[in-house]
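Below is the structure I would like to discuss, written out as structure tokens.
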């Protein structure tokens, strides 16, 4: 009996040796000289490579901001992860944080031992179909073949939605966005489902985006946010407050352009002063430099600038702010006070 | 007196462990074993500590929780409310299905290609060489992805059949649909008639063999067999009033309904695995045939056997002794390679237990252990069965 247990454990240790869970992630990151950030394998707007081959995007920007908050400049190594590999990569210490359109759910927070450091995009699951199909509502999808990315909450919502509405469907599990696109465009599935933002993003990369329509039903709540390992609260604080700094910067009108000027001398708004390190010792509370938030904002711009650059109406993706507008503009984006 | 004293074992001294040949070997083995065990203990300790540090427990309770996801191809009843254990079972059955289908077709392809590669026909031999060399020198994952891409893009989508008359078999890029048999009243009788026919064929064949051994006269088994197989069942089918009917697939809504669907993922995986493993089996078959001494075929021809019969009666039975052991490895390889199924969205054991269940429950360690256990057991079973067969075809030495 003991021997069997021993053998089993021996077999699995290979997986774990890399995953020595250190409490002080910040020290590891500093010693390594760069942040390892887990991102998507490629989804327009959120994580994609530009013409120079550098990673860009809404989720990538958060990695940059955290990297800049720690090092003064965005020193980040990007690790692209599929929906299936992301949590193992984080739990094993292969990446320091995930910024990979990941839905914050109860069981991921508790059972999977992740810590979500906030929400950077409030999303919901939708469906996209070819216009030629003539479908106008998700309620007409009985019997359809549906492509889904496996290992996601989408998969579970989909099962619940069809079950609740007493409809049948044929799930086609797909590993990555690219394969999903190939199958969907070849008509090997009638419907593709993922978060509505992802649908808009992926539609922009189709040869004829106008031939596809996103159905009006949003069947779930998908608060997407960055995640870190459970157990290192100090590290979680850094990611959480970097995200909050970007949000509060938009609220206070701090941009990539004016942040250096505003940080050169204390201004009239005490919260801005605390954010930019011209008042008090707020950076050292997290073990970072005084000007951590200045560096983060300078590297990527504030939340609004990031959104406009990668997802906003002027981009190919063309998403409205919607729920993701500041609470002062009718959205639900809200940072706790810097105090 | 002194002579006797010198043969007595000298007192044991510690350095004899490495100086004395009698102890050295055992001593080195003991040290190696200790180092090995220390290494294992360190690894185990590391795993236990790190799991504890992550706050993860080792618990198989998740298996009895609802799986919450759907699976397209299920050989047993399954809904999203079924347990994770049942989802794993659905996946396991899918793995076994593709493994059995793949092993059968790979063997057929392999034997045909292996024999054809030795053909005196230059074109046939060279074509088979081309097949073997291209398939076994390109990774199987690439072949799987390629076949899936061909199935998905080259075949027509179901919607293109809208308004057209479709026959019993429909080929689409979502799979091939074949008719479903419906068993009405009297089907049981028909099935019994069929089983009796098969039994009769076996009995006639045994009688024909005895007759040939006794008199040397051959019985035309092919015609008798075909007659026995078809005629009674056909008569029964007509007398019973056509109890078994076929439902043809029909385009309803988004997809064809009413037929049995061989999914695109299954077809892609099946074709790719069969062709890939078939190339290896072809080489094994060729090696087996070449291992039979040339004198055997010459002797067979001298006895007046035609080349076909010489191959079936003299060469292949001897070649089997060389073929079967490496064939086992190929069957094992095919079974294990089927775990690449998720690349084309085929829900095998790796896709359910080691994929979605693992991901949604976060029980990496438990799921991977169960999966390893499953593949280990299946592989050992295949080995055991094939070894039994090997025992039977082995040269019995007297």
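Glycine is treated like the rest: Cβ placed from N, Cα and C.
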Check each of the ranges B:7-25, B:26-44 against TrEMBL and return the one annotated as transmembrane segment.
B:26-44
In TrEMBL, which of the ranges B:346-367, B:368-389 has the transmembrane segment annotation?
B:368-389
How about long-range neighbours of the transmembrane segment (B:188-208): same chain, 6 or more residues beyond its ends, C-beta under 8 Å?
218-219, 221, 224-225, 228-229, 232-233, 236-237, 240, 243-244
